[in-house]
Amino acid sequence: MPAMRGLLAPQNTFLDTIATRFDGTHSNFVLGNAQVAGLFPVVYCSDGFCDLTGFSRAEVMQRGCACSFLYGPDTSELVRQQIRKALDEHKEFKAELILYRKSGLPFWCLLDVIPIKNEKGEVALFLVSHKDISETKNRGGPDRWKETGGGRRRYGRARSKGFNANRRRSRAVLYHLSGHLQKQPKGKHKLNKGVFGEKPNLPEYKVAAIRKSPFILLHCGALRATWDGFILLATLYVAVTVPYSVCVSTAREPSAARGPPSVCDLAVEVLFILDIVLNFRTTFVSKSGQVVFAPKSICLHYVTTWFLLDVIAALPFDLLHAFKVNVYFGAHLLKTVRLLRLLRLLPRLDRYSQYSAVVLTLLMAVFALLAHWVACVWFYIGQREIESSESELPEIGWLQELARRLETPYYLVGRRPAGGNSSGQSDNCSSSSEANGTGLELLGGPSLRSAYITSLYFALSSLTSVGFGNVSANTDTEKIFSICTMLIGALMHAVVFGNVTAIIQRMYARRFLYHSRTRDLRDYIRIHRIPKPLKQRMLEYFQATWAVNNGIDTTELLQSLPDELRADIAMHLHKEVLQLPLFEAASRGCLRALSLALRPAFCTPGEYLIHQGDALQALYFVCSGSMEVLKGGTVLAILGKGDLIGCELPRREQVVKANADVKGLTYCVLQCLQLAGLHDSLALYPEFAPRFSRGLRGELSYNLGAGGGSAEVDTSSLSGDNTLMSTLEEKETDGEQGPTVSPAPADEPSSPLLSPGCTSSSSAAKLLSPRRTAPRPRLGGRGRPGRAGALKAEAGPSAPPRALEGLRLPPMPWNVPPDLSPRVVDGIEDGCGSDQPKFSFRVGQSGPECSSSPSPGPESGLLTVPHGPSEARNTDTLDKLRQAVTELSEQVLQMREGLQSLRQAVQLVLAPHREGPCPRASGEGPCPASTSGLLQPLCVDTGASSYCLQPPAGSVLSGTWPHPRPGPPPLMAPWPWGPPASQSSPWPRATAFWTSTSDSEPPASGDLCSEPSTPASPPPSEEGARTGPAEPVSQAEATSTGEPPPGSGGLALPWDPHSLEMVLIGCHGSGTVQWTQEEGTGV
């Protein structure tokens, strides 16, 4: 754990000071806020006050500090006004009055109002203390404190029964927290004296400044840190020189006295002495984390901890030589106690344990220092082995082995006189003392430098390994020390080099994590077979994001921090975005909420940040790099640093789609403001939401949400797939008329049902629609034409549908078999002699005759659908199919002819001869009576509709049908009908008409009459039925004049001996199309 610096943040210790200074006397108090004029609400309530009054803290908080809730009937009104006046004028006030507890019991109270000022000199708080003085007032006072139910006196002194004594914060808890539990009887006496006599100095409600003497050093200050650096160097010097001076001292000097100390030794001793003095004036950190500045507390703390060790280490052994005091060898060993100062370095160096390089350096220094100590001891053992020998020198010591190898052997000589000079052997490891008291002197041996280096080599080889054997232990003492050295070496090797390994791994941890994640990413790409372009994008994005955040997960890192601190960090990280003019009107709380919604984003070159059509979920602020906005390959905008992209603020449930792509040009760093978090923040601060919405429109560099819908409409309108159908739908909606005809698919053929003598109307146009099949009346059984088809066909001009008006065909003659015939479309017949089946529409005037099929092209006026590749390859199959369909059609026609002939015969035999109604043309009289029974109209009752056989009177066909009731005309449909040529005609005249009337809506009797045919007219032949009477009129002239072609009754009716068809007639117009007979169908 790093050393604690202590809690040095400025604090407001007002509450602790109040609890300490006014303990006992002012323990029952409340604090009122003087800034809220008029009310002065209570902001703090002591437990003693709650104990006195019986009110809980929750009941007292935010009430007036005048404590009007304690007033009762005996409370003086004058005192009330004086308290109010003192609070309003921010003055001190003291009074005695009667207050009431929560239980309703009165007590005498000494009330003291004291204003508390802040650092600006303004009154910030009111200290209102309450002291129970009921006992003092009751002594000799009137007897008015008796209870109602008894004669025993009841004093107003509050008891502690029923209350939790641990909650007495003003007297116990706060007093303990302030660190003043020491008994201070004198201080209490002075405070009590000050309450009743002199007033004590009141604390101020402000941040307390650090109170310290100018001669007190802060333990974590710069001056003390510099001094600790000098002490560290001095301690290291002592750790190196003291073992060397003790163990590797020259033995040639006399043992009676030692030489003078060096300058470095004297400087180190002076530093140690000054360090003791400074330690008495240096702050320390208490167990509660507070920094103690009191000199008395500092001295007491230092004396009880490190003082004794520092005094022993600072004994001036070297200074004794300056005062001519001899220091013998035994006393000189006391300098090794200075090595204990190394223990003081551990707490100071612990604060640097977070730096790997510093820890690595310290570990290596410790290992080298231990090796130096082992080398000094090894040299001392070898020296003592030689000096302890008798008359003959030992031959097995490590120094003897070294001397023989270096050819500098040891030898004994007689002791020289005191003033004699050494014979040049002052640099070797010889001893100048007497050998065992024999008067012999040891000389020779290796030099001191060679001996120390060899000893250090042995120490390092023994600590790091088991040694190499070139310097070995020979004597018992040397072997024992070698064993101890190996044990220490094993421990140091594990500790030092284990820590070194951990430190090196920690130094390369980020690099290892990078390679590990890269390897995982490549394995993922290989397993899932990611394509090469996507693989390159993944690797580039990973490398770019790693370069930005160095692999640190900021979300996880900040999650452990409190919300307040995390918001401040987020505001610092996103200050570029929050400094936009868009947020200048936001409060600090709103900015903090918005900063938590911001997320960093990154975009690589060529990467798409947003695709067209994506749902916009955030606003993006470009911090660095450049981007471009694309739409259909066109660059709409280029964005750079400081640009804001996104959309206007949508509603919470609204989804806005992007109208363009946003692509990165370079490596871009962005800040992303999520719309969900933005909505949540604006919901907390609704006053800022309107200004933000208005400002966002002007701050957006490019609005990705503008015109999204119109862009989609434009794109769809350019599509050419459904252009014709879209045009028809528009005309159908707007009610516009035009000659547009929508194409019909091949599987929905339409056949023309109009005869040459009929003209088209809206109903006919609808029947000609390519998506509808012309309805045919079912003649078998009880069937009848569908009512739905009749309703749509006979709607008439009174209620024309808008769709039919838009699809009305232009008037044009059609003198050839129409190409819309089902047989032509299906490929059964060859239209106009053409061998190729085609699907065409006539959009212009055709030629007078269609002897050959016109060539397709723009000038022909035909919309053709050519064969596909598959149809060309299957020509033979289509020919066979066409032939089979033709044969089947012929069989069906023959069967129909037989059924129709049979039906006619049955109806003529079974139907009674009576007058049937006939429609009357406008302006004509009643129908003439029938003169012949065979010429009367024949009515056949089929059970569903009445069918009347009528002569083809021209007035009936050309006239206007009268309608007795307003609205659409009755559902009547005249149909021409001709018998097959194989049967003799049962009719006395050329043609008869079937008139179907609805059972539910019969025609009025006045509008129906019998109109027999003229018996004198001969029956027309087949040729006469086709060409008309002797006065021929060309079909072209009839078409141009709008009148029907001549024939029986003024209308030429089709007559096909091979078939029986029903064609809608009676809807002539002057400008409609004249249809010719289709060969082979009888239409």
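Including glycine, each Cβ sits where the backbone N, Cα and C put it.
Swiss-Prot assigns Val42 and Thr361 to topological domains bearing the same name, which places both on one side of the membrane. In summary, of the candidate residues Asn436, Asn470, the record from Swiss-Prot lists N-linked glycosylation site for Asn436, whereas the others have no such entry there. Record note: of Asn421, Asn499, Swiss-Prot gives the feature N-linked glycosylation site to Asn421, with no matching annotation on the rest. Cross-referencing 206-226, 332-352, 584-604 with Swiss-Prot places the feature transmembrane segment at 332-352. Annotation: stretch 332-352 has the most Cβ pairs under 8 Å to the transmembrane segment (229-249), among 260-280, 332-352, 480-500. Using a Cβ-Cβ cut-off under 8 Å and counting only residues 6 or more beyond its ends in the same chain, the topological domain 'Extracellular' (475-479) has close neighbours at 378, 381-382, 384-385, 394, 396-398. Residue counts for the topological domain 'Extracellular' (475-479) under DSSP, helix first, then strand, then coil, are 4 helix, 0 strand, 1 coil.
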